[in-house]
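Participant: Per TrEMBL, the feature transmembrane segment maps to 12-30, 37-61, 81-99, 120-138, 233-255, 267-292, 333-352, 373-390, 432-456, 468-498, 550-570.
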Amino acid sequence: MDLIKKIWTARKLILVVMIPLSLLPLPLIHPCSESSCAYVLIVTAVYWVSEAVPLGAAALVPAFLYPLFGVLKSSEVASEYFKDTTLLLMGVICLAASIEKWNLHKRIALRMVMIAGAKPGMLVLGFMCCTVFLSMWLSNTSTTAMVMPIAEAVLQQLICTGIADSLEDSLTVYTQDEESDKEENQESSMNHLELLDHKHNIPAPPKKPKIRRDSLYPTKRDHMICKCLSLSITYAATIGGLITITGTSTNLIFAEQFNNRYPEAKVINFGTWFIFSLPIALIMLMLTWIWLHCLFLGCNFRETCSLSKKRKTRREILSEKRIHEEYHKLGPISYPEVVTGIFFILMTVLWFTREPGFVPGWTTLFEKKGYRTDATVSVLLGFLLFLIPARKPWPSAFSSESKGDDDEEEEEDPLAPMITWKDFQRLMPWEIVILVGGGYALAAGCKVSGLSMWIGRQLEPMSGLPPWAVTLLACLLVSAVTEFASNPATLTVFLPILSALSETLHINPLHTLIPATMCVSFGVMLPVGNPPNAIVFSYGHVQISDMVKAGFGVNLIGVFVVMLAIMTWGEPLFHLSEFPTWALMPNVTGSL
């Protein structure tokens, strides 16, 4: 038993050592560039999927194995680790740092929840909407970490008032609009009740909900509300990350690998991705909300989603009061929040108008074409945030611009910028940057060595399948694998394979690559599926069985909506019905 325990303790180290040694005959027995590249690809993929070493460290494997096996020069591998999308991510992180530093995210979230109200169904929908919006621009993990404390404050208010107000929770607090109707009907109602009491000889007390003495939650319904709201936030963060090309790291991986493999395509940019993915996110948002509502709150939407302000339970009044208190703590909107909001809108507008397609973009104002990308805009605006002072440059009667420690820092330095390098460094995910770079290096090695062409030839038996069937198989496979492996690692492994498959079968590569990229984000059934799941799970409201049950439905919804999109509005947007000329790679055409 001691030996087994020691082996189990050292299992990761054993895997790190044994996998390269056991696969070493592959490049030694067949000394060619394809087998050498396959060896590096398999070793890196196993490290990623098993997480035997940190993801960022595993992404460095191609940096030393490719030169050792003669697949790529060291300088060529190094150039793959820093691409245009890295600059795009850095600019977006600058804006995200400013949003978080000046509490703009909290103001947006609380305002949207105040609009939605405190009815359980509308409360969940309100939190989902604000989470989707924030996740479009911030990372899914950051968004979940920002929104969950706000949701937890509301949930704790529900729990704290539950036991004391268990009787009042079943009663109705009438507003002034109903007072006159109440007085008119009071006399006749009392007479009717007296007749009933005399006839049946029984009292008619209000129905009282059962109090759960063995639980932290006053009633089972309270527990269901906590589960529903918690899970809705992690699912909404995933949905929001689909909308923009910078919403999640997997979108960036796809964009860079696609543009590297097909430089003549010129079809993937911020605008085209947004137009395609926004309807997907909206449909998924509504279907996911309906699924969670039916699963945890029941199917009585009229009771839990009524927008009428005539009737509110005491619980709902107290919850709304708590939300308003949290919002008032933020004070009036400050100058740094206004500046951040302006930069947020400006960055979005410049991304959309760079090359919209249907009209000339602002890049036509410059003489040389193709020099400016979305990264140019994000880095420029991100750089300006390091320069613009966080205090108004002119005197004003409204001087309460910041709170707490930030106010003291600004008094010491009146020219302190909107963000500092520490603010940026705290949010910059360098591990993801290296991971994405490792994916680019693997893709470059597959292309140069001819491994992509070899994989394509092995997949020729699938040529009899229609394009939609190939795409559906890819979506289901990727959705299953990503439940147990990290999303970026899964996509990095599958993108070269799916590209080769599409070229071999003469299918537009976008027909398989875009759905696979979106479905790789649907690792929502387990806490280890992605970091937002782990954050929500750590609050203790949900169990793994709840995540599996709810996540399975969200997975099916996601695959269905993505397939619907690629078969309908995706076809005219990306011309998916025809095999494009930019997909005819020189090495592929020579082999056909």
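For all residues, glycine too, the Cβ spot is worked out from N, Cα and C.
For each listed feature, how buried is it and what is near it?
Facilitator: When Cβ-Cβ distances below 8 Å are used as the criterion, the transmembrane segment (12-30) is approached by residues 36, 38-39, 42-43, 46-47, 50, 52-53, 69 of the same chain, each at least six residues removed from its ends.
Outside the transmembrane segment (37-61) by six or more residues, the chain places 12-13, 15-16, 19-20, 23-24, 26-27, 69, 71, 430-432, 434-439, 441-442, 445-446, 449, 451, 481, 484-486, 488-490, 492-493 with a CB less than 8 A from a CB of the stretch.
Residues 63, 105, 137-139, 142, 245-246, 249, 252, 255-256, 259-260, 336, 339-340, 343-344, 347, 373-375, 377-383, 385-386, 418-419, 423-424, 426-429, 432-434, 436-438, 440-441 of the same chain, all 6+ positions outside the transmembrane segment (81-99), place their C-beta atoms under 8 angstroms from a C-beta of that stretch.
Sequence-distant contacts of the transmembrane segment (120-138), counting only residues of its own chain at least 6 positions beyond either end whose CB sits under 8 Å from a CB of the stretch, comprise 92, 95-96, 99-100, 105, 108-109, 112-113, 144, 146-147, 150-151, 154, 225, 228-229, 232-233, 235-241, 243-244, 246-247, 281, 285, 288-289, 292-293, 297, 301, 304-305, 307, 319, 344.
Listed as Cβ neighbours of the transmembrane segment (267-292) (distance under 8 Å, sequence separation of 6 or more from its ends, same chain) are residues 124-125, 128-129, 132, 228, 231-232, 235-236, 239-240, 242-246, 251, 254-255, 258-259, 351-352, 354-357, 374, 510, 514, 518, 550, 553-554, 557-558, 561-562, 564-565, 569-570, 573-574.
Sequence-distant contacts of the transmembrane segment (333-352) (same chain, at least 6 residues past either end, Cβ-Cβ under 8 Å): 91, 95, 98-99, 101-104, 107, 137, 270-271, 274, 362, 374, 377-378, 381, 384-385, 388, 390-392, 400-402, 418.
Using a Cβ-Cβ cut-off under 8 Å and counting only residues 6 or more beyond its ends in the same chain, the transmembrane segment (373-390) has close neighbours at 84-85, 87-88, 90-95, 97-98, 245-246, 269-270, 335-336, 339, 343, 346-347, 350-351, 354, 401-402, 406, 410, 414-421.
Among residues of the same chain six or more beyond the transmembrane segment (468-498), those with a C-beta under 8 A of the stretch's C-beta atoms are 41, 45, 48-49, 51, 55, 58, 248-250, 253-254, 257-258, 432, 435-436, 438-439, 442-443, 446-447, 451-452, 455, 462, 505, 507, 509, 511-513, 515-517, 519-523, 525-526, 528-530, 555, 558-559, 562-563, 566-567.
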